[in-house]
Amino acid sequence: MSTTDETATAAASGAAATERFHHDKSPYDAVRDTPKERVDLLAREVLSAIHDTIRRHQVTYDEYNALKAWLIQVGEDGEWPLFLDVWVEHVVEDVATADRQGSKGSIEGPYYVPNAPERGADADLPMRDGEAGTPLLWEGSITSVDGTPLAGTVELWHADADGYYSQFAPGIPEWNLRGSFTTGPDGKFRIRTIQPAPYQIPTDGACGKLIAAAGWHAWRPAHLHVKVSAPGHQELIAQLYFPGDPHNDDDIANAVKPELILAPVGQDDGSARIDYGFALDRQED
Ligand code: DHB
Ligand code: FE
């Protein structure tokens, strides 16, 4: 249901994702005090893993040059955010959240944009008139791990029924299917949106070239992205999935966990109701 004849391309969505990443505060700030010893250890181990692969599989000069050309293309296509968030971020997320007691999280991915329109605790996600897709009514609450309701915020963003994200594909209103919902002291929220489509990562750029050359597929299951926060608690970044999606078991980004699969209940009017809330861990001091 594109509103223009422009099509989404890897170069355009990659450039937007790269620009978005540069927009945030410098990622270097948080690691200013990392000791040389740790940088040395991590860099040496990564390089050593590459060296081992070359020796074990007798990588040729032709293959080395193809790799070099491909790595250059990843940068030219702006696809480093996409590449890293699809094939690396899920392990970082696992490590970062291993000690949590509350709700499970998942990767953020490349398409979050801060400062989405604020909508209160009971509202529609911004969408076009007649936005395609099964209407969803989602009710839930934010609590701490002990069940205490929390006044907090659910930021929600997701693809449309064609699998496209606003601000990363052309012809979609700026804040389409992006919003921020702030709960009162009872922690409750009620959000109306539509069910997104499964999402195929762009296939016409460097990442698509790897996928084709390796005989992989490019699909992520349909998903809702959330960032949930409340004062004194750890921010939760998660994705929620729909039962029966063929890609829940072979997500290219490896970001599905059983706890993140919703149980929508079909309603007589063709819409679906979801009941899903979030328990946040306390902030560590
Ligand atoms: C990518 C896209 C997503 O929508 C997502 O959730 C994770 C990764 C990507 O294209 O890299
Ligand atoms: Fe996504």
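Using N, Cα and C of the backbone, Cβ positions are placed for all residues, glycine too.
A TrEMBL annotation is a machine prediction, not a hand-curated record.
Over in TrEMBL, the protein carries these features:
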type     : residues : note
COMPBIAS : 1-18     : compositional bias 'Low complexity'
REGION   : 1-30     : region 'Disordered'
COMPBIAS : 19-30    : compositional bias 'Basic and acidic residues'
DOMAIN   : 37-103   : domain 'Catechol dioxygenase N-terminal'
REGION   : 100-121  : region 'Disordered'
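Listed by sequence, the residues of this chain that lie at least six past the ends of the compositional bias 'Basic and acidic residues' (19-30) yet keep a Cβ under 8 A from its Cβ atoms are 78, 81, 110-114, 167.
Broken down with DSSP, the region 'Disordered' (1-30) shows 16 helix, 0 strand, 14 coil.
Secondary structure of the region 'Disordered' (100-121) per DSSP (helix as H, G, I; strand as E, B; remaining residues coil): 0 helix, 1 strand, 21 coil.
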